[in-house]
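The topological domain 'Extracellular' feature in Swiss-Prot is assigned to 1-57, 114-127, 194-217, 281-299. The feature N-linked glycosylation site is assigned by Swiss-Prot to Asn28, Asn37, with sequence analysis given as support. Positions annotated as transmembrane segment by Swiss-Prot: 58-79, 91-113, 128-149, 171-193, 218-239, 259-280, 300-320. Annotation comment: Swiss-Prot describes 80-90, 150-170, 240-258, 321-404 as topological domain 'Cytoplasmic', evidence class sequence analysis. Annotation comment: Swiss-Prot describes Cys126-Cys202 as disulfide bond.
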Amino acid sequence: MSVKPSWGPGPSEGVTAVPTSDLGEIHNWTELLDLFNHTLSECHVELSQSTKRVVLFALYLAMFVVGLVENLLVICVNWRGSGRAGLMNLYILNMAIADLGIVLSLPVWMLEVTLDYTWLWGSFSCRFTHYFYFVNMYSSIFFLVCLSVDRYVTLTSASPSWQRYQHRVRRAMCAGIWVLSAIIPLPEVVHIQLVEGPEPMCLFMAPFETYSTWALAVALSTTILGFLLPFPLITVFNVLTACRLRQPGQPKSRRHCLLLCAYVAVFVMCWLPYHVTLLLLTLHGTHISLHCHLVHLLYFFYDVIDCFSMLHCVINPILYNFLSPHFRGRLLNAVVHYLPKDQTKAGTCASSSSCSTQHSIIITKGDSQPAAAAPHPEPSLSFQAHHLLPNTSPISPTQPLTPS
């Protein structure tokens with residue numbers, strides 16, 4: 001969550017669009033706000049802001065408590081087993097760290113929405129909190145893409161070099177994702193400022209003369225990097241993996257194929273509504289013209305859509321960890337480890353393989369070394385069930401500037 005999309009020259013709450021000819025006489029934000037103050041409403045939508053704040057407060061609080069517990073458990077269990085980490089554990093561990101970062105930012109967004117976007121935590125935290133959120137949002141999505149690609153490559157690759165260097169590749173990919181995610185938000189964050197007033201607000205404040213261009217560039221980059229590029233990759237590689245695993249007449253195979261399709265469906269349900277709303281509000285007034293009732297509804301429900309997009313940090317631990325019997329075994333071992341010694345025997349695993357934390361869909365090669373006579377050995381597959389969902393709260397569009 002962050003600053004809401006700017007209405008630019010379009011209508012905000014109870015305000016009509018201003019003719020373009022009138023905007024030619026406007027030279028700064030103060031004059032623009034003054035013009036909107038004297039513009040009459042053409043339509044009015046009766047919506048309860050107080051009810052929305054209560055609902056959002058409850059949702060944010062629930063996501064914070066559940067997400068904090070889930071992601072801490074995932075990190076602890078995977079960290080303890082990092083020495084003998086499974087096929088996808090490095091990506092899962094990093095994704096849990098990114099999701100935990102989003103969860104830790106939820107109290108700030110919860111209070112900001114409750115206080116009607118009044119920012120009480122100073123100028124530094126205004127920028128840092130948004131930057132911290134964006135970094136973790138992009139990281140979570142990118143690690144999800146890597147999981148989808150790596151799963152298919154591991155399933156289909158018989159190359160000895162891949163078997164030898166796959167862990168190095170994964171470490172390099174994880175480091176690269178964190179660096180890339182730290183760079184991507186910078187153009188937006190440098191324009192986020194604390195606007196002082198009776199009720200200080202944390203807003204996206206690009207130069208007035210190029211504000212519409214900046215707002216559109218930020219919205220497009222968010223949608224492209226956060227959805228339009230990850231979505232095809234996640235879809236294609238999960239579908240290819242499902243086709244590879246499909247075995248007619250095998251109920252377990254069908255279940256795992258449906259699970260792979262569920263990964264894609266959850267990602268779409270989390271992020272598509274957010275990015276559609278973000279683009280519509282950003283384009284309105286400058287590139288497209290929306291009916292004022294629709295604009296009112298989009299602004300009103302933007303906070304709710306933004307909140308639901310953050311559900312990925314609560315659902316990811318369930319889909320990629322808790323639905324896996326292997327993870328539950330490791331979690332039980334971790335709990336038993338801290339119990340009195342005379343109670344630990346009942347919780348120990350029969351073998352190390354049964355305790356290893358793996359992705360809900362586990363892909364292993366039949367032989368560690370490819371046979372000379374069989375350059376393309378058939379993979380041996382074992383599965384555990386689970387679901388998916390991506391990030392972020394989303395990168396919020398620029399907030400409508402409504403006078404106090």
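Here the Cβ of each residue, glycine as well, is placed from N, Cα and C on the backbone.
Counted over every protein chain shown, other Cβ atoms within 10 Å are most numerous around Cys202 among the disulfide-bonded residues Cys126, Cys202. Here the transmembrane segment (128-149) touches the transmembrane segment (300-320). Their Cβ atoms form 3 or more pairs under 8 Å, with each pair 6 or more residues apart.
For the topological domain 'Extracellular' (114-127), the DSSP counts in helix, strand and coil order read 7 helix, 0 strand, 7 coil. Mean pLDDT for the topological domain 'Extracellular' (281-299) in the predicted structure: 85.
Listed by sequence, the residues of this chain that lie at least six past the ends of the topological domain 'Extracellular' (114-127) yet keep a Cβ under 8 A from its Cβ atoms are 4, 49, 53, 56-57, 108, 189, 192-194, 199-202, 399. Counting residues of the topological domain 'Extracellular' (281-299) by DSSP class, helix then strand then coil, yields 11 helix, 2 strand, 6 coil.
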